[in-house]
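Take a look at the structure set out below.
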Amino acid sequence: MSFRTLDGLDVRGRRVLVRLDLNVPMRDGRVSDLTRIERQAPTVRELAEGGARVIVMSHFDRPKGKRVQEMSLRPIAEALGAALGQPVAFVDDCIGGTVEEAVAGMKDGDVLVLENTRFHAAEEKNDPEFSRLLASLAEVYVNDAFSAAHRAHASTHGVTAHLPAYAGRLMQREVEALELALGSPTRPVAAIVGGAKVSTKLDLLGNLSTKVDVLVIGGAMANTFLAAQGIKVGKSLQEAEMHDTARAILETAKKAGCEILLPVDAVTATEFRADPPTRTVSINEIPDDAMMLDVGPETVRLLTERLSGVKTLVWNGPLGAFEISPFDKATVALAQSVAGLTETAGLVSVAGGGDTVAALKHAGVVERLTYVSAAGGAFLEWMEGKELPGVAVLRA
């Protein structure tokens, strides 16, 4: 996919409207995780150092079109300033006379953060007039919010009807990484899909089963696939109503030449809590009173062996209930194997989704994979094969 980037763009003296995703975790009025801000700061810094007058806009949380003080971007603007290492101004609206005055007073290299765009109901409606008012503040539009690109809102989509639109550096990295993984990948391609429910990842499984060579199914959704094939999974979380669907996915994959890998052994317990008594058993020997809470060591060994023969890997979702010890072991072990293959065998490894990022952080391998996306819904929709409105408008 060809899209417009900041390469060669002269921004000196120009007003640049930058859409960031500043929807970050907060605790006691302070930003508790700076990852998303730090990933987007380079785009703002590059524009400011290039002499642009940078006007930042973003949503935060779900105020439903009303002004909610706890959802103000003011404290987040301060965190952005700290990440940039320069003062950042803030204005308590995103359209109107006060905002226009603040923009008119900007000098080259200044950064101004507008108030939460979702304080206006028109934002999520992609309202044309609201889009026009936002766009009227600037001469150029830059979108660096890949994680919000699956929404056709005024600040991600509507404004592009009025301004030339470019991808910021994080947006560029995200799209290029995903193109590398699923657009035109080096084969063989494998995908790991974990998580609790088949029902929430139907589109994803359907798309991947026709695009990848190897599909690894883990997490609680593996229980549903196993049960659909007549394997007794005890008291494990599973969706009985999805058995026909699971069998259909297996059949589709078979016709497409996609190899599906399911667990061959399981770590089981009779209660879901930290450090309970556990048993590791063959997948055919799960006790009636037990739950499968992680895949076993033989599954990890087989997966590591199979992945050593692929060139590209996409990962969404943990293999087990990684947030509770000891059911993190398989995810951590496989993550470390994937990191090793990335470093020594040239594996292109791209991962994303909230739980996935948390699991990879827990395993200490985020920096060792080719790319780890902090985007949740947008990453998932891209993997489902859907076009993202906020990316489509950046096409060259």
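Indices start at 1 and increase along the chain as displayed.
Glycine residues also receive a Cβ, built from the backbone N, Cα and C atoms like all the rest.
Annotated in Swiss-Prot:
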- Asp21, Leu22, Asn23, Arg36, His59, Phe60, Asp61, Arg62, Arg118, Arg151: substrate binding site (BINDING)
- Lys201, Glu323, Gly353, Gly354, Asp355, Thr356: ATP binding site (BINDING)
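Annotation note: His59 (substrate binding site) sits in a coil segment as assigned by DSSP.
Within its own chain, Asp21 (substrate binding site) has Arg36, Gln40, Ser58, His59, Asp144, Ala145, Phe146, Ser147, Ala148 as residues 6 or more apart in sequence whose C-beta sits under 8 angstroms from its own. Looking at Asp355 (ATP binding site) and Asn23 (substrate binding site), their Cα atoms lie 17 Å from each other. Note on proximity: among Asn23, Asp61, Arg118, the binding-site residues of the record, the Cα nearest Gly354 (ATP binding site) is that of Asn23. Within the set of binding-site residues Asn23, Asp61, Arg118, the entry lying nearest in space to Gly353 (ATP binding site) is Asn23 (CA atoms).
All protein chains included, Thr356 (ATP binding site) registers 25 other Cβ atoms within 10 Å of its own Cβ. Cα of Arg118 (substrate binding site) to Cα of Thr356 (ATP binding site): a distance of 28 Å. Here Asp61 (substrate binding site) comes close to Asn23, Val68, Met71, Asn116, Arg118: these same-chain residues lie at least six apart in sequence, with C-beta atoms under 8 angstroms from its C-beta.
Across Asp21, Leu22, Asn23, Arg36, His59, Phe60, Asp61, Arg62, Arg118, Arg151, which the record gives as binding substrate, the greatest C-alpha separation is 19 Å.
The sparsest Cβ neighbourhood within 10 Å, among the listed binding-site residues (His59, Asp355), is found at Asp355. Comparing the binding-site residues Gly353, Gly354 on other C-beta atoms within 10 angstroms of each C-beta gives the minimum for Gly354. Counting other Cβ atoms within 10 Å of each Cβ, the binding-site residues Asn23, Arg118, Lys201, Glu323 show the lowest value at Glu323.
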